[in-house]
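Asks: Provided herewith is a single structure, encoded as structure tokens, for subsequent inquiry.
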């Protein structure tokens, strides 16, 4: 038997096999699954069509009403009501709305509902976030979610793995958001199509678990099936006291076969900005800051960069500063816990004094939902993960993706800017 990657080991175990090979199709037991207010209603309708009366296990399913909540209109309210009634009927334990809801990919790891070594599916494309914990986590359609809710299983084609190795010392102001943007800029939005992106190297080891989540979150933006990072002491420390189930640690074998290995010297990487209308359109900040690109709005938040460390970064730049005239700065902590801790640390005070609007935990403007939609001709710098045409509003608006540092600096100067221009 040849060596296997961490992703292959997780799939093999959950499929009840000793080994799997790329290209093989397996039926595997799923540890945890979830949907949101956009994807759950269709899954429920499909579940009804299957004709099963009860979900396979109400403790292994979550419904997180995070996209259009607090309800933005009647349709959103009806979607949430439909999902809520199903959760009550089925006795689904992990149902989140109102004061306990957070952006799903922040909330579920925080609560210990997704764990190392697990096989996780979610009816949301950024489910790959949990790969930061050493899980095989991937987005599925509502139909696959419905079948999994009924059976506890899902089918997978075993993907090949690309190993990314990051070495060297990070420059000032460079974050994991810059690393993943640089990577996508290098390989392209199809560069890891249906592959696993395995992130490794001394730089990844030094990143916090929250920073790692930013990287795995955006694996899908390179076309990947998922992103994954081997668990280490930091991972175990993160899940300690949170874990709702027992879990198992997997690591890639020394002789594991990779589709390819890509190495980066991070000392040459500076903060990145992804220009419209693809995350691969990356430009280093030294160049972007000189282009005098005026902006109308800045959004700091989302499942990519709405965690406590991200808000601390923003506060580091915003403290004692004011948002530029005619610029709207919207900050969305990604969970109630993050919101509460940001308040305790005085971050919210810094944001309010700077002239920011602080909203509740919601996906909101990231997908053009609400709480920060762009008009025709408007430009935004955002810490979110996608900048497709019309992603955050009007088809003739523009979205520039960046880290919390760059986003905060841009809000202050009213144009795409480097934090070095603000923090002396």
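Using N, Cα and C of the backbone, Cβ positions are placed for all residues, glycine too.
Got these off Swiss-Prot a minute ago, pasting:
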{"type": "BINDING", "residues": "303, 363, 366", "note": "[4Fe-4S] cluster binding site"}
Asks: In DSSP terms, helix, strand or coil for residue 363 ([4Fe-4S] cluster binding site)?
Replies: coil
Asks: Within 8 Å of the Cβ centroid of the [4Fe-4S] cluster site residues 303, 363, 366, which other residues of the same chain have their Cβ?
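Replies: The surrounding set, listed in chain order, is 66, 67, 103, 105, 126, 301, 302, 304, 306, 334, 362, 364, 367, 384, 385.
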Asks: Same-chain residues six or more away whose CB lies under 8 A from the CB of residue 303 ([4Fe-4S] cluster binding site)?
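Replies: Same-chain residues close to residue 303 ([4Fe-4S] cluster binding site) (Cβ under 8 Å, separated by 6 or more) are 103, 104, 105, 106, 126, 129, 217, 334, 363, 385.
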Asks: In the structure shown, which of the binding-site residues 363, 366 has the fewest Cβ neighbours within 10 Å?
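Replies: The binding-site residues 363, 366 were compared, and 366 has the fewest Cβ atoms within 10 Å.
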